[in-house]
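Asks: Below is one structure. I have some questions about it.
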Amino acid sequence: MKCDLVVVGAGPAGSMTAKAAAEAGLDVVMMEKRQEIGDPVRCAEGVSKAALKKLVEPDPSWISAEVKGARIRAPDGTEIVISEDRAGAEVGYVLERKVFDRALAQEAAEAGAKVMVKTRALGLLTEKGVPAGVVAQFVGEELKIEAPLVIGADGVESKVGRWAGIETALKPKDVETCAQFLVQDERIDDDYCEFYLGNDIAPGGYVWSFPKGRALANVGIGILGSKADSGTPIRLLRDFMKANFPEGKVLEMMVGGVPVSGPIERTVADGVILVGDAARQSDPITGGGIINAMKAGKMAGKIAADLVPRGEVDKRSLMVYEEMWRETIGKHISRNFAVKEFFVDLTDDDLNRMIHSLDGIDVAELDLKGLLKVLVRQNPKHLLKLRHLIV
Amino acid sequence: MLTVNRYKCGYCGACVGVCPAAALELVETWIEVNDDCTRCGRCAKICPLGALELDKEAKR
Ligand SMILES: Cc1cc2nc3c(=O)[nH]c(=O)nc-3n(C[C@H](O)[C@H](O)[C@H](O)COP(=O)(O)OP(=O)(O)OC[C@H]3O[C@@H](n4cnc5c(N)ncnc54)[C@H](O)[C@@H]3O)c2cc1C
Ligand code: SF4
Ligand code: SF4
């Protein structure tokens, strides 16, 4: 089989890539190793409404709930509420990723991309030592797909980069190891996302509760890999449930890893581009990666459509993509990586002090940058190291 | 040897992402380990469910 572009992985990054490239006229094959796109889910499903709307038309079929704001709880129990709009307008979505991921893949298909499920990339084809497509296993049978460009959108477990000589293995300090339950409990607040901080609760991470409507929520935990031991996330999540939702009923469970490494050295090689979690583009503080994955996919797809017809797929030509994402989403990722490196070593006393400093302050901006600004203003001495990062 | 408890594993791929030797692969709902494994233990440390174990005999 031959085509212009092979996209490996049909998550948000892959589908946005395939859609953008196909829309611009490329002959695209997108392969996904799972037999069902989007399932099992590895996500808490929270996104900013405004950011998502710029990328795709919201559809009720994949929105579980809309939230008005967030609540953050300090280790000593103090809570602050962050709500962008005092009138209580919804600022965030909690998605149904099983439906969302497939809907994005469907958009790629409608734009003309060929989608292949239960098709796992096994390695790169090469021609005179240069990547020239993918060897895959399609429902158990070997399949070769020749293409001048391969885009790796293969998520946290990405191999495409490694095959092309890009080192993407995550160190324990650069990954959040996570577990999550879908919980039914009358105590769940359907309007707010909640975050719980503390070194006993979630070392180097946090516990979240993202409502999905009708007293359901994704209640999960992320722990910094370097502070974890085999099975720590599931153990601490069970402890949290006992303390906070003793009556909670668990309807689903899932586990996963989120890259929090900040920008890696390089995301292009001859004939290869990486996007989304494969390129470690998730936010190092929040662990959110859907929006960045979609943005990077859109950039990569457009650039592919521009360069492939011209035969310019060597590493140097592909630097256009590298520069574009670093200039845009990369800036936030770098800054948040520096902030994360600082935050993960704070003691519970530090965390309490910070939350207390926000008491009575009108945190008008829901976004992280706004919050950090207020924190630095309120804690000039303690957060001196962060000042230069947040201007 | 690295053993995978298939009954515990939640097939999330986190271990695959941290393995410095690229010795792991997530195939649908199971993890495969190949001969490149250096028994460094990184994957076992970060597994959210504790499904990976390094056999102490072999580690010697
Ligand atoms: C517990 C947890 C909670 C999270 N919560 C949030 C949140 O609330 N908000 C948010 O924005 N982000 C969240 N994230 C992060 C978010 O899920 C990811 O950033 C996002 O899914 C990245 O999209 P992607 O397309 O890059 O990768 P993925 O969605 O992981 O997609 C990669 C796809 O590639 C496929 N694949 C892999 N290897 C191959 C191969 N060899 N051949 C073929 N296919 C392959 C995989 O099967 C998969 O379908 C969370 C992550 C976790 C683990
Ligand atoms: S990290 Fe653990 S649960 Fe996840 S795939 Fe690996 S062995 Fe399975
Ligand atoms: S022990 Fe180390 S080398 Fe072996 S599979 Fe785990 S991470 Fe890879």
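Going from the start of the chain as shown, residues are counted 1 onward.
Note: Cβ is positioned from N, Cα and C throughout, glycine not excepted.
Those TrEMBL annotations? Automatic predictions, nothing curated.
Heads up, here are the entries from TrEMBL:
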DOMAIN    A:4-55  domain 'FAD-dependent oxidoreductase 2 FAD-binding'
BINDING   A:Ala13, A:Glu32, A:Cys43, A:Ala44, A:Gly46, A:Arg97, A:Ala121, A:Asp277, A:Gly289, A:Ile290  FAD binding site
DOMAIN    A:174-258  domain 'Digeranylgeranylglycerophospholipid reductase catalytic'
Asks: By DSSP, how many residues in the domain 'Digeranylgeranylglycerophospholipid reductase catalytic' (A:174-258) are helix, how many strand, and how many coil?
Replies: 17 helix, 42 strand, 26 coil
Asks: Along the domain 'Digeranylgeranylglycerophospholipid reductase catalytic' (A:174-258), what average pLDDT does this model show?
Replies: 97
Asks: Return the residues near A:Gly46 (FAD binding site), defined as same-chain residues 6+ apart in sequence whose C-beta is under 8 angstroms from its C-beta, sorted by sequence, else 'none'.
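Replies: Expected: A:Val67, A:Gly92, A:Tyr93, A:Val94, A:Leu95, A:Cys193, A:Trp208, A:Phe210, A:Gly288.
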Asks: Could you check the binding-site residues A:Ala13, A:Cys43, A:Ala121 and say which one's CB has the most other CB atoms within 10 Å?
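Replies: Result of the Cβ crowding comparison: A:Ala13.
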Asks: Tell me the Cβ neighbour count for A:Gly289 (FAD binding site), meaning other Cβ atoms within 10 Å of its Cβ, over all protein chains shown.
Replies: 25
